[in-house]
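Notes for the one structure printed next.
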Amino acid sequence: MSEADGLRQRRPLRPQVVTDDDGQAPEAKDGSSFSGRVFRVTFLMLAVSLTVPLLGAMMLLESPIDPQPLSFKEPPLLLGVLHPNTKLRQAERLFENQLVGPESIAHIGDVMFTGTADGRVVKLENGEIETIARFGSGPCKTRDDEPVCGRPLGIRAGPNGTLFVADAYKGLFEVNPWKREVKLLLSSETPIEGKNMSFVNDLTVTQDGRKIYFTDSSSKWQRRDYLLLVMEGTDDGRLLEYDTVTREVKVLLDQLRFPNGVQLSPAEDFVLVAETTMARIRRVYVSGLMKGGADLFVENMPGFPDNIRPSSSGGYWVGMSTIRPNPGFSMLDFLSERPWIKRMIFKLFSQETVMKFVPRYSLVLELSDSGAFRRSLHDPDGLVATYISEVHEHDGHLYLGSFRSPFLCRLSLQAV
């Protein structure tokens, strides 16, 4: 055989595949499977350790609220006069970090007055803050101190150079800001038709100063628990009338869900009352042929109304600290028909924690004298104006009160 024939008969060596049951590859596979099982078991144990206490808490803890299912219409579309804008961002902040919670505002001449979260009624003049009244006693550092400290909310200028003030915990007062004199008109400890007043809120006064119309937002919840009142949907609020001469008190309308801001009409024939939980404003007739009657002034509002104040155009300003976005998702509308979720939320979280999830969308509405939407001013992210409670018009400006911000805002009407 030649050398060439030998080369033709040789075949290339093929690599051998060795399969050895005792080899290293299977050991690595078994190790990986073991690690995976350890991870899964650890994850499962961690999940169980977290879930069981959570479920136990949900089962054993009592919810502070007993919410009732509520039904809302689809919110109005934010179009036309409701179209979002940033006009509120043109406002300037006043007395920033010098006061907290200037809920309501009144002027006597060019001197401004408001109430603060630490229980004071203060005068704001020439950039200075001066305390003129206090209805409770200190210390007044936290929300839990409010029942002792008092919390001035609605404030109005009377016809004789005095102020009428509604304190959430103490009742109705008349204050002479020049002499620092305080007169208790109606104590919140006075039962009205068998019910306590737990949350005196806003007030409006006739031009002669004789009658005061005011809201008691709840006979169950206090102001410091306002979020529980909203979420529970309690219908124990009332609109009342106080006669400063006879000292008589009448219930004008009851079974209201968080009655809040109030405003007399220019003719003093009806009173508007914001029913915050229901996103609407009711009208109650207090004189004339329709006296004693009531109807809806505005329903299905784009937000939850707080105080109502007159506008120079003959209509009304309404402050709102949050809205019902459409298009968009309204958490409060969603929760309204799901009381079981509300119970669960407040079993696990405090009011302050829940408030952090409430959108900081500030909205101001101007209504016509018939309740039509005339214009709207927005701050979609609450960058300048936050937690708006009231819109007070004075001398070509809007003063924006707030129930929790450490400032108030001033906005020129010429800018909007």
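Cβ atoms here come from the backbone N, Cα and C positions, even for glycine.
Within 10 Å of the C-beta atom of ASN160 (N-linked glycosylation site) sit 9 other C-beta atoms, taking all shown protein chains into account. Look at Swiss-Prot and you will find ASN160 (among others) tagged as N-linked glycosylation site.
The N-linked glycosylation site feature in Swiss-Prot is assigned to ASN196 (among others); the stated evidence is experimental evidence. Taken residue by residue with DSSP, ASN196 (N-linked glycosylation site) is part of neither helix nor strand, so it is coil.
Residues annotated as N-acetylserine in Swiss-Prot, with a large-scale study or a structure entry given as evidence: SER2.
What Swiss-Prot records for 2-40 is topological domain 'Cytoplasmic', and it gives sequence analysis as the kind of evidence.
Per Swiss-Prot, topological domain 'Extracellular' is recorded for 62-416, and the stated evidence type is sequence analysis.
Here Swiss-Prot flags 41-61 as transmembrane segment, drawing on sequence analysis.
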What's the CA to CA span in angstrom from ASN196 (N-linked glycosylation site) over to ASN160 (N-linked glycosylation site)? 30
